[in-house]
């Protein structure tokens, strides 16, 4: 009999989410570490689908240890054995989620895309949100269901009004304001050109606020959208914003740091922790 024809691999775009506290970040790591990357689990689950060639996830957006994702993306190529039809998007979604249990990683959607599509380079923008909890005098006041999902700056010595003032008048003074947000311009060393970044500050509900209100606690979100980001850019921005709001950093110092175009110039105390940061979406 004639040999079965081998079809070209099918390429898929998948959206997935994860609880970042459990992982060393999203990217693949060596398996002998205490914490490994989300990619390790994704590819391990994909191999359970019995492809005829190893499957690699090409992830659009790197996230560090402790950073969460509401919706990250990746593309992958799946070569099935001869005679086997390509997976539908729904079949791939269900199969991957079956083998990801019980990890806090979930595939949200999967769809076929052209072989020229690239999850990282085709992305038009990425949006992160950073969740702040104000009003905590001590870490024991953080609601148990909010632990590892927000940052409560130590001491509680910052109010929402002061945070807004730091954002609009001090931290972002002199930049382009519109509505509830501002345009920032950061220099991207990889692209060798300025990159426009949209920043918004807004009040936000807690996870269980409607059912279990906590007197005196306020949740706020800093939302940042850009095509690309510098290393730890959002965490440095939020840390500096809070430092100005707590009067630990002079407002003029922020502009000086931005003009240096060097993220290493930000002082260590102006780095917000990873636990409050979420990759919210990737746009194509």
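Quick reminder: no glycine exception, Cβ is built from N, Cα and C everywhere.
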Tell me which range among 108-128, 129-149, 150-170, 171-191 TrEMBL lists as transmembrane segment.
171-191
Residue 64 (active site, nucleophile) and residue 128 (substrate binding site), compared by Cα position, are separated in whole Å by 13
Residue 64 (active site, nucleophile) CB neighbourhood, other CB atoms within 10 A:
16
